[in-house]
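Features reported for this protein in TrEMBL:
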- 38-70: repeat 'WD' (REPEAT)
- 78-118: repeat 'WD' (REPEAT)
- 119-160: repeat 'WD' (REPEAT)
- 257-284: repeat 'WD' (REPEAT)
- 310-392: region 'Disordered' (REGION)
- 325-345: compositional bias 'Basic and acidic residues' (COMPBIAS)
- 357-366: compositional bias 'Basic and acidic residues' (COMPBIAS)
- 381-392: compositional bias 'Basic residues' (COMPBIAS)
Amino acid sequence: MELVAGCYEQVLFGFAVHPESEACGDHERWTLVADFTHHAHTASLSAVAVNSRFVVTGSKDETIHIYDMKKKIEHGALVHHSGTITCLKFYGNRHLVSGAEDGLICIWDAKKWECLKSIKAHKGQVTFLSIHPSGKLALSVGTDKTLRTWNLVEGRSAFIKNIKQNAHIVEWSPSGEQYVVIIQNKIDIYQLDTASISGTITNEKRISSVKFLSESVLAVAGDEEVIRFFDYDSLVCLCEFKAHENRVKDMFSFEIPEQHVIVTASSDGFIKMWKLEQDKKVPPSLLCEVNTKARLTCLGVWLDKVPDTKESFPPAAQPSPVSKEQSKIGKKEPGDTVHKDEKQSKPNTKKHSLAGDSKKATKERGLVSTKKRKMVEMLEKKRKKKKIKIMQ
């Protein structure tokens with residue numbers, strides 16, 4: 001198990017978690033050991049996502065970096081987007097979905113790291129996206145004051161809902177029967193079958209992160225030191241506790257045998273792990289903490305030993321190899337944009353990888369803009385060895 005966190009200072013931190021530590025009295029204490037730091041991006045990190053093998057990070061430098069956590073090496077970089085990478089979501093081990101300020105949502109093959117589909121999703125920026133537990137649908141919100149539902153099986157827009165303000169977070173419930181849309185400090189709860197609001201939760205400050213702890217309990221963090229647990233049905237606050245000395249930027253929740261854990265990252269530089277009680281009216285107990293001495297922005301947890309049963313999108317959603325995709329995308333669906341990258345032969349998509357042959361990379365770089373060409377050249381030169389620097 002490893003905690004990974006990005007920061008404004010352009011660094012990715014990795015901390016190995018040792019939960020087998022001996023209990024201290026009545027309170028169990030885990031230990032965190034610094035594993036690596038890596039300065040790959042040229043601007044602050046804005047998003048992180050994990051699956052059973054890889055960690056990917058997005059940044060304001062418009063790139064997505066890939067790390068192989070099994071081998072502890074950098075695997076390459078993706079440079080398809082223009083603008084800050086705002087959200088990254090894995091679905092199983094086969095697909096990664098990315099969103100950015102350029103208004104695009106891209107679906108990536110997480111084995112070959114090819115862009116399988118590029119969709120012009122919003123007229124403004126894509127601020128957040130969430131994939132339905134079934135893998136058939138996705139929700140996205142953007143700066144065009146819309147909430148959009150995407151049919152991932154067909155790779156097209158399924159439904160567009162106008163909202164009064166720009167939302168900055170959207171999340172499915174574990175069952176996929178409900179979802180939440182966050183605008184500033186308000187959480188609107190929607191029912192999937194009616195697409196209508198069934199309730200609203202109001203937080204004290206602007207919300208930065210929400211996580212479903214169960215189908216009925218929602219953890220809410222914002223521009224304050226406090227984290228609150230809300231009952232999803234009654235809309236009542238079950239408990240609140242002071243988690244940090246500054247605003248909480250991101251949270252991550254996971255379950256292992258006999259343990260339900262929530263991880264928090266804050267602008268105060270601390271990453272903390274908390275043990276959740278079965279009764280969510282009882283505040284969680286602190287398991288461990290570490291001070292990165294950096295202004296943290298995003299967080300993920302790589303669970304090495306947890307099997308991932310969601311291998312890929314449903315069979316109908318499996319895109320053909322890029323070289324054969326032209327016939328499928330010849331008829332544009334509403335909301336779709338066909339990009340030159342998708343029409344090229346299969347080898348050309350490997351321009352995104354920094355791990356490939358340098359001669360091939362030089363030939364393929366012609367498809368990348370001048371700005372990105374310089375960025376790729378810089379990244380290639382900087383990371384010829386591609387090994388993550390292990391902390392001493």
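Quick reminder: no glycine exception, Cβ is built from N, Cα and C everywhere.
According to DSSP, the repeat 'WD' (78-118) comprises 0 helix, 25 strand, 16 coil. Per-class residue totals from DSSP over the repeat 'WD' (257-284), listed helix then strand then coil: 0 helix, 14 strand, 14 coil.
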